[in-house]
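Below is one structure, written out as structure tokens; the observations come after it.
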Amino acid sequence: MGAYVRRRLLQAALTVLGVMLLTFVLFRVIAGDVSAQYLGPRATEQDRQRWLAQHGLTKPLFVDTHHAPWSKAFWDSQFVNHLVDSVTFGGRSFRTHERLRDIIAKRGRYSLAISVPALAAGWVAALVIALVVAYYRDTWLDRTGVFLSVLGMCVPFLAYMILGQWLVLKILPSAAWGLGHTTNIYVPVTIAVIASLGHNVRFYRTIILDEVRRDYVRTARAKGAPLSNILFGHVLKNCMLPILTNLVTAVPFLILGSLLLETFFGIPGLGEQMISSITSRDVPIIAGLTFLTAVIYVLGYLVTDILYAVFDPRVRLQ
Amino acid sequence: MDHQPTSDLASAAAGGLPVDSGRSFWSDARRRLARSPTAMICLGVIALYALVAVVAPLAYADWQGDTNYAQANQPPSADHLLGTDTFGRSVLAKTLLATKVAMTVGLVTNLIAIPLGMFLGAVAGSYGRWIDDVIVWFYTTLAAVPGIIRVIALKFAFQGKVLFAGTAWELDLAGMGGVCVALAMTYWIGTCRLVRAETLKLRELDYVLAARAAGRGRLSILLRHILPNVAHIGVINFSLGFVGAVTAEVILSYLGLGVQVGQPSWGGMINAARTDLIVGRWWELTAAVTAMFVLVLAMNILGDRLRDALDPKLRNA
């Protein structure tokens, strides 16, 4: 167990390190000089140099070889500063000079207010529908369910948003205009839940049916156990592993919320921040938010993997 | 093909029945696919989209400048079957022209992603050791930045970049080229993972051991025995990746990170129409969403049928 956890921790650490390297290469090396965005058309070369120096962009890329490795100046490079900023979420916005962690503290709750209910409700709804559909497999109910979920997953997410907003305006115009707190939340949440149903129902149904085909289910049926007991007692429990893994992959989007929903409904969350930072080429914020989602993703996987190992001894041996 | 003996062996071992010789894995899969009318309809739909993608730019060559403000925002009529957009141009022509963007993005993305993923996956699986570690670390790192955020981040970094500048291969990453490269950098991972896992299994099979015992080099085994036997993963992932790329292009265009603004694309149409529904202009949105829906539906169903036809494990299920 200890060896397994250690190996997983090392893997996670290497991945996080890799992501820092990736964000550095993508946003500092490939994306290059974004000073033109902030300086205006009349800026001279001097202004540009001053701006670059102000934001630490004139420092050497990796290490300063003019100094000895034991001096502090040797390590005062763009990459080292990038690592520090990433870990502490201390990058400063080019535009407003706010620190990233302050922005996260300010905006994160709006994202969570939308994404947590959306994820929870979407998960429960998809699981319940998938169970019902799998229970009545090969009947008209199953076929209709599968047909609808295939149709549902082929409709673009943008269409759900635009139609959803239009419907709200048709049925409850006051709700959409008043934008009291509750409407502000439940309209995007409902849209997110409906849009995610098609894909998830189909996915969960496949997993459940795979499990239903196993021998132990046949044995249980042969000895006369009621189908509902088998389905909810045994099958569901054994399906939880892939279903929970699927849920974990959605966790990073909790923080960033749904980029699309936030931009469409003007919710001042982190997803909206990400998009507006891209428009204004606010590199430290983009890099920091990308890193944040990656860290949450890696941590989510780490925790699930360790939990699997705790509950399922077979995992440890792999 | 090289892998035919194995599939014969496998089916003979599984069923103990005589296998009629001369039918390869691929022709068998083709027969299975051809027997399914749904799959054939989907294939027909996709072929139609491909045809439109090629013909529409020729047929509507002067659409871009065909503005007529007196005719702006007209609902569908006999003159304009799907109405007109804000510049008075035909929405029907716009929808058909946009097919080119969707099909190109879907195709080019996967033409980069699938070979890359298959090759790296097979190399990681068959060489093992530090090569495997590096490749796995690389894709785990990329995959740690989730989904659409990865595509957005890549597309942002590519803004204003030109690959192979000054050569015949010049590729401007600002518009469609950047979308394809950013998406390809995302979609190779799934293929790579599956191919690596499959290669690890194949490596231990008797016929690969036999080839090694006969003195074949690693690279030759990789090219002759491993890659043909994982090719079906590439084909299945192609259809999945196609759907993903078409969908992602729409989202990128909506966020303003897609193809160039003037270029007609479904994402751009949906973006332009996002406030139109409220004032009762439904045709541009409906046209773009329907066009995309039919393509994605056909591709999804075809992907399922392809998997049924190509994945031997699912056959007896």
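Using N, Cα and C of the backbone, Cβ positions are placed for all residues, glycine too.
Model, not experiment: these values are computed from the prediction.
According to TrEMBL:
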- B:99-303: domain 'ABC transmembrane type-1' (DOMAIN)
- B:39-60: transmembrane segment (TRANSMEM)
- B:101-122: transmembrane segment (TRANSMEM)
- B:134-153: transmembrane segment (TRANSMEM)
- B:173-195: transmembrane segment (TRANSMEM)
- B:226-255: transmembrane segment (TRANSMEM)
- B:282-303: transmembrane segment (TRANSMEM)
Could you check if the transmembrane segment (B:39-60) is in contact with the transmembrane segment (B:226-255), meaning 3+ Cβ pairs under 8 Å among residue pairs at least 6 apart in sequence?
no
For the transmembrane segment (B:226-255), find every same-chain residue at least 6 residues outside the stretch whose CB is under 8 Å from a CB in it, and list them.
1-3, 6, 25, 29, 101-102, 105-107, 109-110, 113-115, 117-118, 121-122, 125-126, 148, 151-152, 155, 179-180, 182-183, 186-187, 190-191, 194-195, 198-199, 202-203, 208, 265-268, 270-271, 274, 292, 295-296, 299-300, 302-303, 306-307, 310-311
Report, as numbers and ranges, which residues of the same chain sit near the transmembrane segment (B:134-153): CB under 8 Å and 6 or more residues beyond its ends.
120-121, 123-124, 182-183, 185-186, 188-189, 192-193, 196, 248, 251-252, 255, 257
Go through the chain and flag residues at least 6 beyond the ends of the transmembrane segment (B:173-195) whose CB is under 8 A from any CB in it; none is fine as an answer.
101, 104-105, 108-110, 112-114, 116-118, 120-122, 124-125, 135, 139, 142-143, 147, 150-151, 154-155, 158-163, 230, 233-234, 237, 240-241, 244-245, 248-249, 252, 257-260, 263
Using a Cβ cut-off under 8 Å, which residues of the same chain at least 6 positions beyond either end of the transmembrane segment (B:282-303) come close to it?
38-39, 41-43, 45-46, 49, 75-76, 82-83, 85, 91-92, 94-95, 98-99, 102, 236, 239-240, 242-243, 246-247, 250, 266-267, 269-270, 272-274, 276
